[in-house]
């Protein structure tokens with residue numbers, strides 16, 4: 001019998017080392033711990049096991065799940081199941097990427113630093129913004145950080161928030177804003193269409209407004225009238241924060257071209273597996289403005305030269321960061337989501353200019369097809385009408401819970417039950433490029449049965 | 001839509017290249033092919049598909065199999081399901097190992113060459129032989145090559161073959177021997193015990209006998225009296241070829257210490273997945289004899305020095321090989337099983353001195369436990385008695401086919417039905433370290449039910 | 001050695017992806033969406049083949065140094081070997097292909113795993129409840145401090161606005177306090193590298209909300225007076241926050257809960273060997289004492305009659321800090337690590353981490369200054385001030401010179417309380433040969449600093465790039481290839 | 001850069017593995033087995049930790065050059081990009097965790113896949129039946145030639161004992177003929193790099209059993225007279241064997257079956273991009289014409305009423321050459337490659353392979369001699385004889401100098417008919433930039449050979465090791481660390 005152990009030293013080597021130190025035994029090394037806080041019993045944790053048993057244990061856990069491979073899922077709402085090219089995992093499992101540390105010693109970290117630089121660049125290309133950071137912890141916390149950043153920048157604490165921003169993002173933003181006394185003003189949706197009342201936003205903005213936050217496409221998959229919003233904000237100091245889905249930007253006009261000051265969001269759809277919600281990566285990009293840059297949270301990789309004039313990359317603008325600036329830092333963020341950044345960079349590179357447009361087109365066309373078929377069913381209302389990217393809000397005569405139950409029995413997860421967010425009723429249905437026409441037709445005919 | 005394509009050049013680049021060559025179109029490059037052999041229709045092969053569809057297609061195929069993860073298998077007979085440490089696949093998937101070529105340019109192939117050298121060394125440690133090659137195509141062809149090698153070395157063509165050598169290996173050896181007019185004399189088993197009649201072997205050997213071939217443990221898992229055999233052969237020119245299972249050599253005296261001239265066999269059990277029979281790797285090791293070495297088939301990696309005196313590795317003794325010696329080569333072998341060699345080297349390294357003994361002990365003890373329980377059942381005969389390593393021959397009152405049917409219905413693959421080899425009846429039952437006591441007890445109680 | 005940018009491989013019309021047919025009838029999006037919302041121009045992403053992408057990122061990887069490349073003695077970072085089996089487990093499709101909004105009854109396997117993980121983390125720290133939501137150590141600090149502030153507010157102590165931080169603390173501690181709207185009060189370490197009780201007593205007034213502390217601290221020294229420290233803070237009405245960065249030092253020996261800490265965060269990527277990934281993803285679970293339970297982030301993973309569920313009915317919760325359930329896949333690896341090691345294995349981890357650090361320190365103290373003579377735990381701090389003073393060779397120079405020997409450097413210039421600090425943490429997965437080798441190289445560099453200081457000052461000489469101009473990078477930021 | 005041997009990491013008592021408890025009662029094996037059969041001493045394997053093993057093989061890998069590192073223009077080896085998705089497919093547990101003796105009804109998924117693969121291989125080559133059993137190209141040759149010999153014998157022509165091989169053939173061809181007990185008759189190429197029909201006519205007498213041929217041949221030249229060649233051999237009573245090493249040149253354009261070859265072997269690891277693995281595993285399926293079907297290795301994968309099975313009732317079969325079913329996992333990758341490419345994709349592969357070769361040749365012929373002016377297919381042979389004659393720089397020197405530029409070298413000194421040969425095959429997965437870059441470096445080396453021949457002769461200068469002493473290695477073989 002031998003349990004897993006990654007310790008190299010043998011008993012004999014430990015003896016030699018103890019004797020070099022001048023200690024009797026290993027316990028002696030812990031003698032600085034006062035008696036009264038010394039743990040006098042073993043942990044109540046099972047004893048270790050072999051690698052073989054461990055793998056079996058994990059497989060047993062997996063078998064008690066019903067994974068997306070075993071049911072036809074239409075869940076989205078901020079976490080999207082796109083096809084992940086095989087190369088991503090092969091490359092990211094290069095130990096040089098996944099077992100390395102934050103690139104503090106730039107000379108032995110050029111791989112990470114250049115990858116971050118390329119990620120930053122591709123995020124800028126996609127969002128139309130001037131500067132991207134090296135990721136934040138997820139889409140939700142990125143929205144929180146964006147709000148704090150806008151508040152710091154404008155020295156104001158009022159934020160106008162569209163109620164069509166993902167409920168979880170709004171909740172995280174409030175958590176982030178709370179200790180800074182950010183005053184959130186949430187603007188309602190239209191009654192007929194799942195978009196915010198832009199006029200009400202415009203009315204709510206005043207000179208003290210640090211930021212307006214809208215989502216694009218919004219939580220319900222619909223396109224807000226950002227053009228109008230930007231026209232109204234253009235001459236104000238209020239920062240326009242656009243929470244954008246990066247896959248949608250394969251088709252939609254980038255936030256940078258629509259006047260966004262800060263584009264932010266969840267970059268999981270770029271090459272990252274659904275993973276029950278994490279690890280994901282928040283992206284945050286800003287217009288090309290040095291003053292705004294100084295308020296930006298998170299790491300940045302910059303291109304520079306070495307003493308022989310060769311190009312190289314370093315972490316830069318570190319004086320914004322906690323390890324240098326401590327209590328005056330722009331954020332406390334330290335570890336971010338670098339390996340997810342690597343995956344997103346590989347994904348953007350592999351799909352490229354044409355592929356990203358193609359994925360977006362798949363999403364759009366297939367969603368439209370499903371939505372059109374469903375709209376014909378009796379007892380179904382598509383709240384979005386024609387306004388959607390790859391997600392729509394469906395109301396049914398029967399409750400969402402009933403629909404979900406009936407569909408699951410028939411092998412389909414029909415969408416996210418909106419009632420869990422406590423605001424509206426119905427299902428939020430997402431379609432990605434992974435669906436075939438056959439799946440969509442099956443969804444329609446199954447729902448027809450369940451509705452009866 | 002876009003199918004898989006690994007071609008980098010664009011249409012425009014192709015135009016540029018054609019124009020540099022001075023060709024009108026790509027078809028022109030094929031104009032040397034005479035009209036009458038030009039294919040004038042597309043292949044009758046389905047059109048290509050996307051990576052996503054391809055993965056789904058493969059998964060559908062997999063779902064139509066019943067894999068060892070889904071049934072409790074006791075199949076062995078030359079292909080063994082041992083636990084494979086997780087590190088093996090991680091390391092072997094380093095592209096530098098698996099996408100490289102045969103190490104003809106030694107300076108850029110030191111990784112492969114040193115790994116082969118270490119494999120050769122560890123095979124020698126395990127078998128007690130002096131020289132190992134860099135692998136042959138599998139255990140069966142390795143036996144064939146060993147026989148041809150012995151014939152070349154002794155300039156004789158008579159081979160005495162134990163009938164307890166794996167039937168497939170015997171068949172392959174005969175195929176290899178046929179064009180060289182090797183005369184095989186097959187010696188029968190004892191009637192009571194699944195071991196060969198060693199005295200008959202000894203009687204059959206004469207001055208023209210190139211080799212005697214025995215297996216250790218033999219096909220039925222039993223230990224032949226190799227000591228006695230070697231005593232009889234010691235002063236003859238006849239080469240003693242021992243086909244040995246490398247896992248068993250964690251416990252058993254190595255062939256080198258038992259007087260083998262050539263140790264050979266299937267090294268799949270060292271870190272290679274069962275993979276429906278391939279790719280596996282044949283190992284072949286000989287006593288430390290320069291004359292014998294010159295007759296050896298296959299590649300060898302040797303340690304040498306570079307012009308600055310640093311150690312390095314090269315393919316050596318290549319004058320035995322086909323790419324140098326052509327029709328006078330010791331074998332036609334070119335590509336061998338290098339990646340399997342890498343896996344075997346990692347496995348031997350990871351398990352190490354203690355681990356390999358421990359695996360052998362697991363196999364032996366668990367096999368003995370199962371065999372003892374089964375021996376108590378009515379209607380069961382263990383032909384091996386106590387003579388076994390990790391496999392034994394079980395005869396039952398009911399036919400093996402009936403037993404297999406009943407056991408499979410209850411989730412157990414009880415062993416290899418020996419009748420398929422056309423020589424004897426019964427089941428060959430294998431137990432590796434992957435079995436728990438619970439599995440073995442379940443085997444026993446299930447068989448009891450099936451026997452009724 | 002240098003690798004071009006991915007965009008430099010770009011050629012118009014080249015692609016490296018594949019997708020099935022769309023199959024459904026296609027419509028012009030312009031029929032349904034406003035014209036302004038549709039891109040005029042394709043995104044300026046590279047146009048490259050699969051081969052290009054694979055070769056590019058393979059080449060980039062070769063410019064990095066990972067734990068599998070050798071020793072990585074970054075103090076406070078706990079760069080230990082990352083088990084390959086954990087990566088396999090975190091890639092089992094039945095564990096990864098789960099959507100965060102799937103019905104709970106479909107994810108009972110994973111929820112049971114996470115629930116067990118919570119129990120282990122509570123046991124290891126001696127705390128009562130755990131939130132898995134924070135996605136990194138700093139995120140955990142942020143949550144932990146907010147828990148404290150919400151608790152205080154709820155108990156009518158909302159005016160407290162000071163957080164005490166020792167001068168040896170990680171930068172995240174004061175930064176977190178600021179994010180939480182607190183004023184930071186820094187107290188000096190005493191000459192033994194520990195908290196000065198008198199200073200603390202003075203700082204701990206009626207405004208104090210919390211003391212943030214690591215134990216053993218960033219000097220690798222155990223704060224022996226921890227119970228007195230806790231008493232002083234508690235008596236003043238504040239709470240104690242434990243920065244779990246150094247948990248690798250004391251597993252099985254001492255628990256923050258038993259030291260009377262109220263809140264702790266873990267760094268699963270440090271202690272439990274889920275790899276650092278070049279800077280994340282990490283995971284920073286927070287563990288709290290009983291009375292703080294109501295304030296932890298919602299929803300809370302709970303169990304009733306063998307069914308696991310997310311309890312959202314938490315009226316006093318501070319809310320959410322992550323859109324979903326935190327860095328789940330990182331938790332899978334931590335779970336695998338803990339179950340593989342088991343109770344005894346975790347204790348052996350700390351024992352060996354401490355033994356390795358003490359042994360390595362012993363090898364180095366003849367050549368380098370040791371600012372504090374106290375017993376070290378899993379890391380220690382030496383100083384290059386002698387080399388700087390005598391030869392003008394800075395700790396930065398020494399670090400760069402180490403790279404030439406294909407060794408990663410210790411954490412340098414931290415903690416701030418030590419001049420020319422080299423904070424060194426070998427971890428338990430290095431062996432004696434590896435430590436001896438590192439020590440020999442450090443001694444060689446010390447000799448080189450005497451004999452050829454200019455050469456050391458110009459290091460690195462063997463790295464893929466030379467010394468990079470950081471000042472220029474900050475002056476004229478080039479952050480995007482566009 | 002140099003990595004010690006694994007045994008140099010060994011320390012008594014160190015381990016790096018884990019196993020469960022044995023659980024069952026243990027007995028002393030000595031009670032049941034003879035004493036002589038039990039080891040006195042443990043096998044002398046290394047005693048190392050998991051970390052040691054991982055770092056060791058990671059370091060070793062860094063001393064290698066793979067296709068993902070860059071161009072690999074080895075003529076006749078077809079070093080193309082190896083798709084990552086194929087590796088994933090070949091690791092699906094439902095495909096890999098199959099035992100060769102499982103009941104056929106449990107492996108219908110895999111058998112259907114192999115059966116389809118057989119059909120594709122028959123179609124691509126224009127043959128009628130396929131054996132998947134041979135585990136490499138040379139193994140395929142061995143099987144193919146034995147099929148021919150068994151057929152001849154069965155038809156009363158067993159006395160035929162000659163195999164004709166052109167002088168440009170791979171070494172495996174004559175070596176295989178010898179293993180099959182045949183006498184090798186080598187015929188010279190004509191001045192256009194092709195078979196001389198008169199020579200062939202002369203060699204093709206009543207003793208000829210077979211002609212072994214590659215087409216396009218190893219000079220990258222298509223044997224235009226192939227139908228006449230076939231007629232000559234067939235009229236003499238011999239059969240035609242096609243060495244499939246160069247199939248990457250002609251897919252979708254020409255099929256060996258239509259050229260009247262009787263037997264062909266494939267190298268799945270070449271044409272169908274299952275990686276070479278540093279020298280295997282490969283796979284060498286053999287395809288035959290109708291009349292040779294009875295002789296192929298047994299068992300034969302067959303189909304009846306949608307059920308797939310191994311047909312062992314093959315009385316005329318040559319027998320087995322592999323214990324089980326050949327290199328199954330390699331076949332999985334070839335199947336994935338063929339299905340991913342499809343009919344049109346395979347044709348595009350050959351088109352681009354041929355275009356790349358012709359383009360690269362065009363870039364090089366100003367600096368290097370081109371011994372045969374004929375149209376090239378997927379590879380071409382240039383000669384360094386000018387450099388050797390004028391500057392004493394050999395092709396070997398040029399090859400080693402290429403390594404300094406981090407380019408793999410062409411196949412050198414083969415085919416034997418060309419002095420100072422450099423047989424160059426870029427494959428379809430290289431792009432124009434990569435070819436231009438390689439050509440530029442070759443031109444630079446040609447210039448260096450003029451200007452600084454000594455430097456080129458002493459290459460490599462930048463590789464992990466310098467020029468290695470092969471003569472010493474052969475004189476005093478050190479093949480084992482023991």
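Positions of Cβ are set from backbone N, Cα and C atoms, glycine also.
Per TrEMBL, the stretch carrying the note region 'Disordered' among D:1-20, D:21-40 is D:1-20. Cβ atoms under 8 Å from those of the region 'Disordered' (D:1-20) belong to residues 46-53, 56, 59-60, 63, 464-465, 481 of the same chain, restricted to positions at least 6 beyond its ends. Neighbours of residue D:270 (N6-(pyridoxal phosphate)lysine), defined as other CB atoms within 10 A of its CB across all chains, total 25. Break the region 'Disordered' (D:1-20) down by DSSP state and the numbers are 4 helix, 1 strand, 15 coil. Averaged over the domain 'Glycine dehydrogenase C-terminal' (D:350-451), the predicted model has a pLDDT of 96. Each residue in the domain 'Glycine dehydrogenase C-terminal' (D:350-451) gets a DSSP state, and the totals come to 52 helix, 11 strand, 39 coil.
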